[in-house]
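Down below is the structure, laid out as structure tokens.
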Amino acid sequence: MSAMEKLRLGVNIDHVATLRNARGGALPDPVRAAVLAEQAGADGITAHLREDRRHIRDADIAAIMEAITIPLNFEMAATDEMQEIALGHLPHAACIVPERREERTTEGGLEVAGDDNRLAQYIAPLKDAGIRVSLFIAAERSQIEAAARIGAPVIELHTGAYCDYDAEGDVAARDAELARLIAGAKLGVELGLEVHMGHGLNYDTVAPIAALPEVAELNIGHFLIGESIFVGLEAAMTEMRARMDAAR
């Protein structure tokens with residue numbers, strides 16, 4: 001991929017739904033957030049329908065798809081229920097993520113290398129339906145190679161550890177994790193995969209990731225929604241977009 005190619009920004013609106021569900025009502029509406037994100041220049045919207053429905057609800061998916069003209073990236077666990085929902089809605093993309101009920105957010109990458117036969121069979125109907133499948137994985141050679149082996153066209157590399165080390169001020173660990181992400185992105189492209197990255201990115205951590213020519217898309221949610229409380233979603237996205245473009 002050319003280093004001059006525009007880096008896409010996918011905006012995850014899950015935590016608008018988290019705030020809505022804290023009171024059990026209808027507001028703030030994640031569908032409105034998706035529309036505003038599109039108006040502010042998002043290249044796609046990401047929404048994760050978790051098995052416990054802790055933020056996004058079933059009805060939100062159809063409503064978001066009806067309200068936006070940009071692609072929806074539907075995050076989902078590799079369960080029969082979620083496969084049925086994805087095939088019913090036919091979003092542009094489906095990102096398969098690991099899920100544990102006790103976690104606050106997606107804590108690790110999907111285990112592909114040890115579950116490749118099942119996952120190959122699982123993603124086949126999604127691909128056949130025209131859904132672009134991605135796998136949310138750690139930047140580990142075994143996982144990236146397994147993703148390519150089972151026929152997933154896209155991987156999203158987990159940037160959470162890199163961002164956590166940065167927040168803790170552990171420069172050595174942060175830089176080591178960044179090196180892993182760089183190597184993972186290069187390997188992914190070598191294997192014919194489209195490479196995305198996401199999880200925990202903010203204004204301080206986005207530039208080194210955005211600078212990688214192998215990366216086609218970043219998915220950012222929690223930070224943008226949090227920042228929007230203070231400056232508004234459009235301003236938060238504009239600043240993020242500027243930092244991404246400057247790094248490119």
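Using N, Cα and C of the backbone, Cβ positions are placed for all residues, glycine too.
These features come from Swiss-Prot:
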BINDING   Asn12, Arg23, Gly200, Gly221, His222  3-amino-2-oxopropyl phosphate binding site
BINDING   Asp14, His15, Arg50, His55, Thr105  1-deoxy-D-xylulose 5-phosphate binding site
ACT_SITE  His48  active site, proton acceptor
ACT_SITE  Glu75  active site, proton acceptor
SITE      Glu156  site 'Transition state stabilizer'
ACT_SITE  His199  active site, proton donor
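Positions of Swiss-Prot features highlighted on the structure.
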residue: Asn12; record: 3-amino-2-oxopropyl phosphate binding site; contacts (Cβ under 8 Å, 6+ apart): Ile45, Thr46, Ala47, His48, Glu75, Gly198, Asn219, Ile220, Gly221, His222, Leu224, Ile225
residue: Arg23; record: 3-amino-2-oxopropyl phosphate binding site; contacts (Cβ under 8 Å, 6+ apart): none
residue: Arg50; record: 1-deoxy-D-xylulose 5-phosphate binding site; contacts (Cβ under 8 Å, 6+ apart): Ile56, Ala77, Glu99
residue: Glu156; record: site 'Transition state stabilizer'; contacts (Cβ under 8 Å, 6+ apart): Cys95, Ser134, Leu135, Phe136, Ile137, Val195, His196, Met197, Gly198, Asn219
residue: Gly200; record: 3-amino-2-oxopropyl phosphate binding site; contacts (Cβ under 8 Å, 6+ apart): Thr159, Gly160, Tyr162, Cys163, Asp164, His222, Phe223
Whole-number Å value for how far His199 (active site, proton donor) lies from His15 (1-deoxy-D-xylulose 5-phosphate binding site) (Cα to Cα): 13
For Asp14 (1-deoxy-D-xylulose 5-phosphate binding site), nearby residues of its own chain (Cβ under 8 Å, 6 or more apart in sequence): Pro30, Thr46, Ala47, His48, His55, Ile56, Gly221, His222
Site with most surrounding Cβ atoms, counting all protein chains shown within 10 Å, from the recorded positions His15, His48, His199, His222: His199
Recorded positions: His55, Glu75, Gly221 - member with fewest neighbouring CB atoms within 10 Å: His55
Assigned conformation of Asn12 (3-amino-2-oxopropyl phosphate binding site) - DSSP reduced to three states: strand
